[in-house]
Each structure stands twice: as C-alpha cells, then as structure tokens.
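Novice: One structure coming up, written as structure tokens, with questions to follow.
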Ligand SMILES: [Fe+2]
C-alpha cells in the first residue's frame, strides 16, 4: 500500500472539485477530438514516424487508461474491454511496433473512448473524493485528464511529423514585448522549497516538497531564440567537437545533424516546416526541435551551461520578498492567456518578451509555456519519493538515461503544467517541442 500523497484540501468543497475534474476531462476530450477528427481514417491508422504511434493508437490508449483507473479501479465497475488491455499497454509494445497490432479501427476507437467517458462521468458523480488515496481530492480524475493532455501533445508532435497539406490552424501568438532588458538575471543563493506536497493533482515525481540549497547563479531572462541559435550555426558550432559531449558529437555525426529538426537551409536564410507550412524561421522566437546535445553545445559555445533542475525551479518559483515558493512564476493563480503560451492556443512559441505578466518576481520570462526547456539534470526521485499510483508512472524511468525538461510548451495544457511539473526524455530527442535557456556561475565581483 502506498502512503497518501494528497493531504485533504479542506478549502475546496467536493462539488467544486468534481466540477473541476469534469471540466479538465472535457477540455482534454475536445482537444483529442480536434486532433483526430481533422485527418481522415487512412491518416489516423498510418505511422507518420517510427518515433510515434499511429494517432488511432493514442486515441484508444487514452480510453484504455481511463477505463483502468477510473471505471475499474476508482469505480469498481466491470471491465468494458479486458480483451484490449494488452494492446494499449505502452510497456508491452514499443511505438515502432504498434502499427502491426490488431488495433481498434477509427470508428471502434471513437465508440470505445466515448463509452468509457460516459462510465467515468458516472463514477465521478458517485465517487467520494475523500479517504481512499486514488480518489482523494479527485486525484485519479486529474491524473487521467493530465494523461489525455500529455497524449494530445504527443499527437500534436505526430502532426508536426506528418507529411502533407496543413490541417491545423490557430491564431498567431502575441507579438514580441518591449526590448527584453536585461537579458540575464542574478538569482541569489540560499535555500528554497522545491517540489510540492500540497498541489492536489501533482504527480508522484513532483513530491514531496523539500528544501534545496542553491548557490548564486545567473540565468537567461528568455529562452534562447532561433536568431541566437542561427549565430551558433554560422559560427561553425556544428563542426567543432569542442562544444559537444562525446555522445553528442557521435550522435550529430551519425545522423548528419546540421540544424534544428525541421529547419531547411536556403542560401543564407533558414526556413522551416511547421505543421505542413513552409516559412522563414523567425529570429525572435524561442528555438525548438533541438536535442539536449544541441542545447548543451550551444550553451558551451556561448560561455554558459544549462541550468540544473533546481536552478530552473528556483528561478521560476522563489519569491525574494517572502522566501516562499509560488505555484507559477507570476504567483498562485492558474495560468491565463496573459501569463503563458499553453494549451495549443497558438501553433508556435511566442516571440521573446510576449508575456510580461507571466514573468517571475526576479524578471525571468516565459519559463512556463512556449517551449519545454532542457535542463542539465537527469531524472531522479526527490528525497522521500513514493511511487504513486504505480511504479511505471515515473520510477522506472529514474536514472541517467533521461534528461529533465521543465516548463511546458505551447502544446502543453495548463492542467499538465506547473512550475513543479517534470518531463523527461532521451537527450537525442528532437521531435518534441523542446528548446532551452542558458545559465552560468556568477563571475567574481558581479554580485
Ligand atoms: Fe499513456
């Protein structure tokens, strides 16, 4: 039996919590539908890249996890489709093998997820959200809404890999802000609270809250832009092993990597393919589709380094006036459209300086949304970590194989994005919406 991860949240009454859970699940489903209805059936069953599942696998997998956790576990109801459990178990079948499985077809998958959703809502209506670990504070419902949104982001990455005419559209993000000055921020050394023990839907790897001592350091006020990254390319950054780790240099050579993924060289200009549209690479937008290795090489070339995870979180949460850690850089309020580029509201990162209302008290911008940010840290459990609700959620990924990413991207929904939220991936991954910002040690006399 695992210990309780969710202390009772007495200030929120149960009916409000149920409303919030239902809203989060409905928002996720609206997005899932939009991402899967916009292409035809042949597109849904096709594997657009060996890195990804066919979209129809993600769709039924979303329903399968909802059935397992909400209908069967929390609700104690009879299984709907025990015969397909194995097909949609991510640990049984690597992504590359999934197209060969006898998967549900598009119509069957749609009918299945909607039947599961009806049952899950019935469970929500009747569930007591106190007492039992999994249901307390609506955690299981929040976990399932986050899971669906995480797969929606994965499906968005599949859309980016898909070859063909554009099918997605969204308004442009807000414009570049005032000229971003200063471009670096000093974060004073000392202890701060990392992780959380009180956020009701925080996942096991974000827990528990603990004190971490961080030395004074300097962090970029903005993510590294495409224009800055192009300067690294122009300076021969991809040709000089000095900037790269041995693994990164070998990876770059084996795959002939010369620029961020989806970038196309045309004379002196850089173009890119973005959801089927070919366009000029915008100078002032955070760079994305770079691996950890490219982020590391750029940072070293710039005389800097990637921030550790603790540094990133301190820059994002620490309030110098109170010494307390906030939920988000701007405070404790849920993310609004003025704070951050989240939730696929736009189909690209916003230019630097576009979200002044989302800056941290120290003046660090765009930590949340736009692009995931690679950190120097590998994925590990915090002191006192307890796997919940199962080891396969996070614990099996702990170790040096994975690097941690923070902050979420334009394709991450607010329900799955907090200043404590931790994502992880292999250092070679480039199809995800990942960029980075740099940090450095403070120089003598700079304090
Ligand atoms: Fe999943």
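For all residues, glycine too, the Cβ spot is worked out from N, Cα and C.
Note that the structure is predicted; figures quoted are calculated from it, not measured.
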Novice: Need a hand: TrEMBL gives 147, 151 for Fe cation, which of 61, 210, 242 is also on that list?
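Specialist: When TrEMBL describes the Fe cation site, the candidate it includes is 61.
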Novice: Give the helix, strand or coil assignment DSSP yields for residue 425 (gamma-L-glutamyl-L-cysteine binding site).
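Specialist: Assignment for residue 425 (gamma-L-glutamyl-L-cysteine binding site) reads strand.
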Novice: Select the closest residue to residue 147 (Fe cation binding site) from the following binding-site residues, measuring between CA atoms: 96, 97, 98, 425, 429.
Specialist: 425
Novice: Across the domain 'Sulfatase-modifying factor enzyme-like' (181-440), what does the mean pLDDT come to, as a whole number?
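Specialist: Mean per-residue confidence for the domain 'Sulfatase-modifying factor enzyme-like' (181-440): 97 out of 100.
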Novice: Using Cα coordinates, what distance in whole Å links residue 425 (gamma-L-glutamyl-L-cysteine binding site) and residue 61 (Fe cation binding site)?
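Specialist: For residue 425 (gamma-L-glutamyl-L-cysteine binding site) versus residue 61 (Fe cation binding site), the Cα atoms are 20 Å apart.
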Novice: Under 8 Å Cβ to Cβ from residue 96 (gamma-L-glutamyl-L-cysteine binding site), same chain, six or more residues apart: give me those in sequence order, or none if nothing qualifies.
Specialist: 47, 50
Novice: Could you tell me which of these binding-site residues, 61, 98, 429, has the greatest number of Cβ atoms within 10 Å of its own Cβ?
Specialist: 61
Novice: Counting only residues 6+ apart in the same chain, whose Cβ is under 8 Å from the Cβ of residue 97 (gamma-L-glutamyl-L-cysteine binding site)?
Specialist: none
